[in-house]
Structures are given as C-alpha cells and as structure tokens.
Amino acid sequence: MTASLTSSPASSTLERVARGRSRRAARRRGVVVVLVLLVVGVLALSLMVGRTFYPPGDVLRVIGGQDVPGASFTVGRLRLPRAVLALLAGLCFGLAGVTFQTMLRNPLASPDIIGISAGSSAAAAVAIVTFGLSGTAVSFLAIVVGLGVALLIYVLSFRDGVAGTRLILIGIGIAAMLESVIAYVLSTAAAWDLQEATRWLTGSLNSASWDDVLPTLLALVVLGRLLLTRAGDLDMLQLGDDAASALGVRVEQTRVLVIVAAVGLVAFATAATGPIAFVAFLAGPIAARIVGPGASLLVPSALVGALLVLVADLAGQLAFDHRYPVGVVTGVLGAPYLVYLIVRTNRAGGSL
Amino acid sequence: MTADHTLTVHDLELGYGERTVIDSLDLVLPPGRVTAIVGANACGKSTLLRSMSRLLRPRTGQVLLDGKQVHRLPAKELARTLGLLPQAPTAPEGITVSDLVGRGRNPHQGLLSRWSTEDDAAVAAALEATDTVELADRPVDELSGGQRQRVWIAMALAQQTDVLLLDEPTTYLDVSHQVEVLDLLTDLNRNRGTTIVMVLHDLNLAARYADHLVALTGGRLHAAGDPHQVLTEETVRAVFGLDCSVITDPVSGRPLMLPIGRHHMAVTRS
Amino acid sequence: MTLAPPLPASGAAAVRRPRRLRAVWLLGGLLVLVGLMALSVAVGSRDVGLDDILAALGGSSDTLDRAAVTKRIPRTFLAVLVGAALGLAGAVMQGVTRNPLADPGILGVNMGASLAVITGIAWFGLTAPASFVWAAIAGAALSAVFVYAVGSLGRGGATPLKLALAGTATSAAFASFITAVVLPRNDIAGGVRSWQIGGVGGASMDTITLVLPFLAVGLLVCLASARGLNSLALGDDVAAGLGERVALTRGAAAVGAVLLCGAATAVAGPIGFVGLVVPHLCRLLVGVDHRWLLPFSAVTGAALLTAADVLGRVVARPSEIDVGIITALVGAPFFIHVVRRQKVRAL
C-alpha cells in the first residue's frame, strides 16, 4: 500500500501540514500551562484571604501538618477542604459539561440544561426534606438517582439509535418535571432552610468537609481518566455518527461509556456541592474560545471549570455585602454569557 | 497498487423498526472498479451503503469483506480497509481544513500512539489529491459547497482505505463541481486501484462514471452489471416508472437516458 | 385536467360533516368544564357536606366549612380563566412559531414575567397588585420577543430544538437572577415564593377583576387572528401569496398570546405545560383549523387547569399541591411523548 495517490506529497505541502499542526499543539500546551498556573494561584489565594489574612508561610506550614495557632483551624479545617472541594467539583463539572456538549454537538446541551443535575438535586432534596436523611445517605441517593435519570433520558430518546436532538429535548422535559418536584419538596419543608435549599437549587460550598472531598476525588480519578482515554473517539463523534463510525469509532459503545462517566462525575460533584449553576455549561465554550478549534477540549475545559468555581466562591464570600453561595455567583455571572452563547450558537448554527 | 478487496452482500435484509427497507439482496461489488448504486427515492440505496460500512446491523444475511463479516470485524480494523463518506457529515465549528482532514487518520492511531510524520504525509497527499492545499489553514465553515465536499473527500482519502463508499457525493453541487468530484474519484480508482462504491441520483452521470451499475427498486435488486446492459429503457421504466429513450452519449460512448414526459415531443416514437 | 370543477353535492356534504362533529366536541368540552367547576367548588382539602356547599353558594359564610367553600369560588373562576388563557396562548404560540413544542413555560415567558415582578418587588418597591400585572406583562413580552428572536437566528429559522433550548437556557438564566435577587432579602422571600411556583390558591375576586380586562383583550385579539394563523400554517411565503400580511398577522397574534400568558402569570405565577398539552389534544379532536382550535383550546385549557387544581387539593390532604407542580408532572411526560413522535430531522 502506497502512502499517497500518485506520488508522495510535495515537501512544501508536507511542511505546511506539519507546521500548522505543531503550532496548534503548542498553543494548546501553552493554554493548559497558563490555566494550571491560574488555578494554583487562585487556590493559594483562597487559602490565604478571608475574614483574617494568613501569609503564604502560615498556609504552607498548615498544609505541611504543623500546628499554627488560629491558622490551623481556619485554614486547615475550613478553607482547605472548601478550596479543594471547589477545585474538584469544578474539574468534574467542566469535564462532564464539555463531554456532553462535544458528544451532542451542541454547546447548549450541558448536563445542567438537559436534566442530569436535576436528578441528583431532586433526590437530595427529597432525601433531606421528606425522609430527613443526611450525610452519606444523601450523597448516595443523589448519585444513584442522577445515574438513573440519565439512563431514563437515554432510554426514552432511543428510537433506531439515539439522536442528539431528541436526547436534548427529552432531557429538557425531564428537567422541568424534576424541578417541579424540587419546588414542591422545598415548599413542604417545615423550616424553610434557605441555606440548605439554595445548596440543592444552585450549589454551595458552605458546608464543605473532607467527607465530601473523598468520594469526589475518587470519582474524578476513575471516571475522569476513563473519559480522557476516550478523548479521541469523542472528537470523532463531532463529525456525525456515520462519519465517526466510518472512521473506526464504535459509536454506541463510546456514547454509553462516555455518558456513564460524565453522568457519574456530575452526580458525585452534585452530591457534594449541589448543582453549581452553569459551570458545566460555561467551561466548554470558554475553553473552546481560548484553545481554538480542532483540539481536544477535555483538559482545558476541566481547568476552566475549576477556575470558575474557585473564583466565584472567592467572590461570593468577599466581594459583596451579603455572602452569596457559589452557585448564585456563577449563575448571575454566567447568565449573560449564556445568553450571548445562545445568540452566537444559533446564528452560526454550529457546535462547540 | 492496492490489494483488491471484494465486498459481497448475501441474502441481506435491512430495516428500521417495523419497516423493511432491503429484502433478500445478493450482490457482489467488483474489486478495483467503480460501482454506482441507482434507484428511485426511498428504495434503500443509502440504507444499503450504511449497512455495508457497519452502521446498520442486518436483520438477516451478511455483508462480507473478503469473506469476513463486516459486523464482526474490529471497528478500527475495518476502518483501515473500508471508508465511508456519509451524506451529510457535520464539521465542528471553526475547525480548519487540515485538522478536519487529519481526523481521517483516526483508524491508524492507537490509544497511546502520537501523531506521526506518516500521518502528516497522508494528510498532505490527500490535500494535494483534492486540490485543497491552498485551503489548508482556512476554517471549513467559510468554504463554498464544492470546496467543502472536496475537503470531506480529502478526509476520506487520508483514511487511506482500499474501499471507499460515498453516499451521494454530488448532492448540493452544481454541475461543474459534480463533474470535478467524479473525475477525482475516477483518478483515485485508476491511480490507486481504490474500489469505489457510490450512491448517485443522476442516472446519466452514474452510467458515465461507473464500471458497474446496480439498480434497486423497492428494496430488491433489479439489475446489476455493465452500464450498457443495465441502463435500458426497460430498467428505467421498472425502477423509476418513467418512459425514456436511451441513446449513446456522444461524449463518452456510454448510454444516455432521455426522459419522456407528456409534453414537448418533437419526434413521434414508433 | 379540468381546473376548478363545481363541487359535487357529495363533496359539499363531506366538507360540512366534520363541522357538526366539531360543534359536538366543543359543546361536550363546555359541559365537562361546568362539571369540573362544580367539582372544584364541592371538593377540597376539607370535607364539606352538600347543604353547607349550597348555603355557601347562597352567600353564607357563617361556619368554617361554608367559609372554605366561599373561598373556593374565586379560586375556581381563577383556574378557569388562567387555564383558558394558557391553553389559548399555547395554541396561538404554536401557530405563530409553527412549532409543536411552543408553550409559555418552555419559551421562558412565565419565568420572564416572574423575574419582572420579583425585581419590581425587591428593587422598585412594588406593592400594588395592579403594578404586578403590568410588570408581569412587560416581563412576559420582553422574554417572548427575546427567546423567539434568539431561537430563530441562523439556518432553518425557529426549529423546535433551537426554540426549546433558547427558552430553557433563558429560563435558567432568569431563575438564577431571581435567586440572587431574593437571597439577601429574607423579608420578601416568603412573599416572593408564590411567583416561583404557580398556583391559584390565593385567588380573590379583586385580583380576578384586575386582570380581567387584559385577558379579555388578549382573548379577542387571539380569536380574531384565527384565520390568519390558518394561512401562516402553510409557511410565510405561501401565506404572503394568499394575500396575508405576514408580519402584521404574526405580530398581532403574538401580542394577544403575550397579553394572555402575562396576565395569567401575574395572578397565578408560572404554570407550565398547559399551553403545550392542550393544543395537541385539541388538534386530535377538532383538527388543525384555528377557527375551531382556538376556542376549543381555551375551553380545554380551563377544564385541564381546574381538574389539576382539584387534584392538587385532594391528593395531598390535608395540605395542597400547587397547581403549577401538578401541570408540570402531568405535562412533562406529554412533552416527551410529543418529542418522541417527531421525526429527527423535524427537530
């Protein structure tokens, strides 16, 4: 088998192809490096500032396990789990969001729009308000129901294969139903605990603890890695199911695997923090903007997600008179971008 | 020259849900030749093509590539031998031409292997063959219909398969671009020996460019063989329900179909 | 082929026959509605005997039972009005957008109305119910125009998918604004909640008379646009070819629909899916002619909402489930059913 049609390609063409590719690869690497630096920077900042400021030295010593009066409690027990959970949840949401958007070829089709997060939220709300559960039981239910709802959406949209458009619309219908369940459950809550309610409606890090961090970390390691190994196939799916299949991608198998992994990430993160509004939605498109077209968006988008949550949580605690939970901040900051994104998507008729 | 691969269809039945689209079909597609599948709307042409490239699982019967069932072959292995250009592929927004063409290298890349110079060479060769080198760095969205179709064909070329299936590669193209695309496919067949199988709407273009013509009607095979034998007045009447007159194309020497309607009859037919 | 042959007698009869059938359906719908209204007065979270109900209807509210029944009367009227408004608005919106999934809830119109009222309460000190109506209508109109404009950008115009996504995303954006507005204001959180879940429980004759003129105008405008909507159903170009002033017809019908759902949201809060389900059911029964479809949608919408309200009062005794929750639980599966029936390309 020869490598070309008639003869080997002209060296000028070859050079042009190779140059273009390495330029884009370099840009993507650069973006990832900058994003990692930013995430680390904001993470460090969120450990230092707060009602009391602790210098980097104190923070480092606390992380190193030394006992620093005051700082050990504030940084070690309050700020550290909160910041780590923000980081992990952001990574999960960013990764899951961009996965759905890439797979369904529609930037509006993120888990928070098509009902995936709503499943976990509704389960948690029912578990807390109606059955009076707490802690691990709530997280467990949120995860199981989140997966169940995703499965339901998938099954309902299956007719001679799953069409992305149908899946999105059915997800919207399910989300509407679940939201009314949440609304009802909250309306029957004996004491209308605004804090707890907001957590399950928009997401909050206020009660972050190491107990929340561990399952989220496990999910990220297992499911996130699974997603990353499928990054190539996921990119192929953007060309349409037929073209992807012709290029050697097992479309249905990839889709099921990727959905399970992404839904798992969303469910675990939602169980820990509630559905932090719009992070899954925004991370992908923002990453696509920075990285440029053609490259895999999974890693950049996860980093953007983490950055969004960290910055929004910091802003929610410090920037306003009233302390806002992180989900309200991302919701309000994200809304205009979301509107802009709808306008742009519809005008271009395109994908991510 | 590439190795010859024979694609055969044996007692095939295909359908969606309740509906049967293809019924007990037997077909041999000659290796190293250009085959065109023709037929009326909804006769199962595209369905057949989808099944041959593993997109649709047969209800009964088999699709065999060199005697092996395509539905049993590993996805990537099949994709290194047999490529498909679907009717309406979607390009991710903003993707550049060379990136899109590079996606055609997917079946040649393993889970961990990185992009190689061989991949670069394949992309470059595909760009040259389709005359799209100058477009390499442009976003696909900005291209005209004819350019875009050439880019998609370039992607299929970069896949470097010995068999290439195309679902109506000339739809939405004006007549000069149609000829351009079909000439390109002919080059590919003659220079590389690639087996080409395409669904075509235009009977006359099919008769001109194909070595082997397959006419389907109602999910069944009506005729298959040399265009001179297949494109006849009887076939057109049976397949399309249309009266016509078939003459010899003065340009190519192939058969040329002239439809007969109820009006505009300059010559009374005997 | 002969052009324009005289209609044979049998053909004329064939054209006329469905008309009688439709009239029967409409009459039947009205009877069902009256029955449901009676049920709505008689049944509630509190069991009341028949003589007490009759006494209450006669104007007496001496005992607790009778007082409860007296409260059910405006509630029933409100359910009928809001249901009719939403059903009619849904039918008109589906006609205007030629979109089977159009619904005031899906299109984000209800949320727009809620956001306008809540910002009005929290930031501009609105307290008078009359000002709520204006705010709700303004919010509904703005979000309707916005969602439709956004959803129809780009290739293919306002496809069901694009409109639904634009509407849902806009609703999500509005919802997070609402949360942000309400959160620091514990003083108004309770009062604002009724704007987040739709219900007719808080009805009084005063609020009804307040929105009645808006509903009446909306109703008239919508019914008057029936013939134009029939032309629009064939596509803009064909409609223009039939001598329809497309932009004017569409604009007028849309104004009517926005008036209806804005006013309905102003008194009852956001109630989704009635506008989606009702026109689909009605089309099955009376066909696609808007001159029949619109009045029938109004009647069916009223019946559906009244029934949902009664259901909400009965299933969770001794408390109640707001009617907006019931309609979402019933309507969303129907939405899914409609989506599943559509061909993929039409989405």
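Just so it is clear, glycine is given a Cβ too, placed from its N, Cα and C backbone atoms.
Summarising the annotation, TrEMBL assigns transmembrane segment to A:31-54 (among others).
What TrEMBL records for A:83-101 (among others) is transmembrane segment. With a cut-off of 8 Å between Cβ atoms, the residues of this chain six or more beyond the transmembrane segment (A:83-101) that come close are 39, 43, 46-47, 107-112, 114, 116, 205, 208, 212-213, 216-217, 219-220, 224, 227, 234, 258, 261-263, 265-266, 268-269, 272-273, 276, 279-285, 287, 297-298, 301-310, 313, 326, 351-352.
Residues or ranges marked as transmembrane segment in TrEMBL: A:113-131 (among others).
Feature annotation from TrEMBL assigns transmembrane segment to A:137-156 (among others). Counting residues 6+ beyond its ends, the transmembrane segment (A:137-156) has Cβ neighbours under 8 Å at 114-124, 126-128, 162, 167, 170-171, 174, 178, 212, 215, 256, 259-260, 263-264, 266-268, 270-272 in the same chain.
Per TrEMBL, transmembrane segment is recorded for A:168-192 (among others).
Sequence annotations record features per position, and here TrEMBL assigns transmembrane segment to A:212-228 (among others).
Taken from TrEMBL, the feature transmembrane segment applies to A:256-284 (among others).
Marked as transmembrane segment by TrEMBL: A:290-312 (among others).
Same-chain residues lying 6+ beyond the ends of the transmembrane segment (A:324-343) with a Cβ under 8 Å from its Cβ atoms: 86, 107-108, 195, 198-199, 201-206, 273-279, 281-282, 285, 308-309, 312-313, 315-316. The transmembrane segment annotation in TrEMBL covers A:324-343 (among others).
Sequence-distant residue pairs (6 or more apart) of the transmembrane segment (A:113-131) and the transmembrane segment (A:256-284) include at least 3 whose Cβ atoms are under 8 Å, placing the two stretches in contact. Tertiary proximity for the transmembrane segment (A:212-228) is limited to same-chain residues at least six positions away from its ends with a CB under 8 Å from its CB atoms, namely 81, 84-85, 88-89, 91-92, 95, 99, 139, 234, 257-258, 261-262, 264-265, 268-269, 271-273, 298-299, 302. Stretch with the most C-beta contacts under 8 angstroms to the transmembrane segment (A:256-284), considering only A:31-54, A:168-192, A:290-312: A:290-312.
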